[in-house]
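Scroll down for the structure; my scribbles are underneath it.
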């Protein structure tokens, strides 16, 4: 690796959300903790810095890309949802460390079925009707979700295997009504959207109560100076 | 894959040729199904858990494919392509790679890419005879390849099915127990629930509604459920009909009215699952166990004994084989006889060969009916390691 490369990797790389409420709340939290994040270059740029931290680079990227950067070690630190960490990083417990829940970006990842399924309120009920459904409809239950891995792990832990996943990248809650899925795994904050779509959450169907987290990558190149910068930033956030 | 050098690869291939030679001589046609398979079939057969242990991917057309995690399903598919109904008798053999994702990292004992040489027999009506012929041929292959010291473990899922059929309980409870058999914890819970409170009501169903439903009057029940949904302003969403929901609610009502499962029957089922014994003694042990409770599974036991007899005649030493009632419980597609060949050097977690009967698999792969099917495969890398010692 050339000189330039070394210089780059000795700097602490922080990945922050690039848009929406998550970005606003992250920047607000940093500001309240005395960490003033400034965008460098033009106002729309995707790079930034923290005032008073000469060896810290900030990158503004999407929340899911933050999870990917923490997984690969491209970022030392990042702010992203626990749901994305668990979904995108199969061995997340070894690759990253959840340093601190941040108190915003709340979202529950839940299993929801049509309200008209009066006979189903738990995962066990779902398991029990799956075989009969296949016999009368000639296919497994379809589960629409963008959380393929979380769903698979949770269903498997509940002993429920008779289903097929339909990957859904938007408007998941509408898929049962549209007929493209029978049930869903999705995030919800209040449950209103689910009810409006004729769905209900299973009693034991909360897969994860997620919120935004400050996350460290265990596979990034850590040096004494990046460690020191991390400690100083953590100290401000904890204060 | 363990073979990192051409020489190592050649050693594996040479051994596989020996195995295939034995299989072909016994009348099995050598086939070479495709490495890349449609993920759909596997997902239907194994379920979504496949994604957790296989290489599933999208091709540029957006079709979901996988690297085959075994060669049995591809051989079933090949058979159905040739014979639409899948029921014509046929015997195949193969040698090739299979692929499994190893969540804790691949290693020599559990590589992500490994080789299997195996046989399949489809459409043979005499099941015990085909079972015995399959195991005997696998044994012959192993011996010809030079394996000397090995141990046989067998099981028979047909015995469990027979026990459930013979035990006194409503058909829907049998179905539930059969369904949960593959998950030991859920099975224990279900068995306990049936003896204590079989009528656990799904939360959120008002008791007034349940009280009105009469299993003798299903049409009226559908109307009552329909009215209830209307009055609560609950939309009908999705493919499941009100009729299907009602049918299931009627089962809940039937459970509420039923006597719980007798503790003696539950104890019998638990004791059965716990039986482990030398293969010959196991038959007698099971006969005593069932006899003491007046449960008759003599047909299944006769089949078990006949299979042992046929195995003995074919030169398989069943005296030193171990029977375990629970064996086969981890692979949902097995339906009857199951076996595993263990060598001391590699231990029980890494059998050199294994197989069994899977009478529902060909139908799941697309045939119109169930077709008798039995097969066995040799893990050739392990076999080579065991033969070298």
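Every residue, even glycine, has its Cβ placed from backbone N, Cα and C.
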Fill in: According to TrEMBL, which candidate in B:51, B:84, B:88, B:100 joins B:70, B:71, B:72, B:116, B:120, B:329, B:333, B:334 at the L-histidine site
B:100
Worksheet item: Across all protein chains in the structure, which of the binding-site residues B:72, B:116 has the highest Cβ count within 10 Å?
Response: B:72
Response to the item:
residue B:72 (L-histidine binding site) falls, by DSSP collapsed to helix, strand or coil, into helix
Item to complete: Enter the number of other CB atoms within 10 angstroms of the CB of residue B:329 (L-histidine binding site).
Response: 19
Worksheet, complete the sentence: By the 10 Å Cβ-neighbour count, the most surrounded of the binding-site residues B:70, B:334 is B:334
Practice prompt. Can you check how the pLDDT averages out over the domain 'Aminoacyl-transfer RNA synthetases class-II family profile' (B:1-389)?
Written response: 91
Worksheet item: How many angstrom lie between the most widely spaced Cα atoms of the L-histidine binders B:70, B:71, B:72, B:100, B:116, B:120, B:329, B:333, B:334?
Response: 22
